[in-house]
Ligand SMILES: Cc1ncc(COP(=O)(O)OP(=O)(O)O)c(N)n1
Ligand SMILES: Cc1nc(C(=O)O)sc1CCOP(=O)(O)O
Ligand SMILES: [Mg+2]
């Protein structure tokens, strides 16, 4: 799948999933219409991460959903994932491109226009930009209220690759992120910690689709 289709993006984290397995959450999310899943189990040992990754590879492939691995090029290769997502403290994008080749999808986290331009020049296929709003799922050093929608719009203007907003995003506040120009939104808690992850995914995907229609002018300008 092309990252320009990454509208609804699930980042996994079993520790906040109310006792459900990451596999069960991803099954629900694929049934609910997620476009891409990132395996991000920072507290899980490598062997277990690999085993979960193999299962996710099978179920995402069947559902036609992309599978991205957080940080780890070796795990991505071992499970035949579609790509890798890295941040400013991880391996550089250009090095990952050398290792994985031109077909791999490489995502890079950025929170400023300069970082975004640099990641694009290095060969990133999409950007994860955040934290858009305040989040409890990760320690985000610079701004605990988030970088906000104006920064999203500035980054979208500065690059020509897709931008995915992340951080504190819910079905209630995702619309403005897409209306600011983001291709989509990435979430952990909105889906993972929901009572019904499938329904939460459906709600989020519906919000993203509606906002895209507003953004491209097909509704709301009659
Ligand atoms: C889609 C997406 N965007 C941003 C991030 C954050 O990546 P990073 O800054 O490398 O932090 P960790 O996730 O590795 O803790 C992401 N994972 N996904
Ligand atoms: C993994 C991650 N990266 C962020 C960034 O700003 O780069 S914010 C974040 C956590 C997103 O979790 P939630 O959807 O529960 O807020
Ligand atoms: Mg990282």
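Just so you know, the numbers here start at 1 and follow the chain as drawn.
Just so you know, glycine gets a Cβ as well, placed from its N, Cα and C.
In TrEMBL, annotation is done automatically, which means it is predicted and not curated.
Taken from TrEMBL, the feature domain 'Thiamine phosphate synthase/TenI' applies to 9-191. Annotated 4-amino-2-methyl-5-(diphosphooxymethyl)pyrimidine binding site per TrEMBL: 38, 39, 40, 41, 42, 70, 109, 138, in sequence order. Per TrEMBL, Mg(2+) binding site is recorded for 71, 90. TrEMBL lists 198-215 with the feature compositional bias 'Basic and acidic residues'. What TrEMBL records for 198-222 is region 'Disordered'.
Shown here: features listed in TrEMBL, placed on the structure.
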{"residue": "38", "record": "4-amino-2-methyl-5-(diphosphooxymethyl)pyrimidine binding site", "DSSP (3 states)": "strand"}
{"residue": "70", "record": "4-amino-2-methyl-5-(diphosphooxymethyl)pyrimidine binding site", "DSSP (3 states)": "strand"}
{"residue": "90", "record": "Mg(2+) binding site", "DSSP (3 states)": "coil"}
{"residue": "109", "record": "4-amino-2-methyl-5-(diphosphooxymethyl)pyrimidine binding site", "DSSP (3 states)": "strand"}
{"residue": "138", "record": "4-amino-2-methyl-5-(diphosphooxymethyl)pyrimidine binding site", "DSSP (3 states)": "coil"}
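Within 10 Å of the C-beta of residue 39 (4-amino-2-methyl-5-(diphosphooxymethyl)pyrimidine binding site) there are 27 other C-beta atoms, taking all protein chains into account.
Close to ligand 2, meaning a Cβ under 6 Å from one of its atoms, are these of the binding-site residues 42, 109, 138: 109, 138.
Between the binding-site residues 40, 42, 138, 40 has the most other Cβ atoms inside 10 Å of its own Cβ, all protein chains included. Annotated pair residue 41 (4-amino-2-methyl-5-(diphosphooxymethyl)pyrimidine binding site) and residue 90 (Mg(2+) binding site), C-alpha to C-alpha distance, rounded: 15 Å. Residues 38, 39, 40, 41, 42, 70, 109, 138, recorded as binding 4-amino-2-methyl-5-(diphosphooxymethyl)pyrimidine, reach a greatest CA to CA spacing of 17 Å. Among the binding-site residues 39, 41, 70, 71, 90, residues whose Cβ is positioned under 6 Å from ligand 1 are identified as 70, 71, 90.
Helix, strand and coil counts from DSSP across the region 'Disordered' (198-222) read 18 helix, 0 strand, 7 coil. For residue 71 (Mg(2+) binding site) paired with residue 40 (4-amino-2-methyl-5-(diphosphooxymethyl)pyrimidine binding site), the C-alpha to C-alpha distance reads 8 Å. Around the Cβ of residue 41 (4-amino-2-methyl-5-(diphosphooxymethyl)pyrimidine binding site), a 10 Å sphere holds 19 further Cβ atoms from the protein chains shown. Most Cβ neighbours within 10 Å among the binding-site residues 38, 70, 109: this distinction goes to 38.
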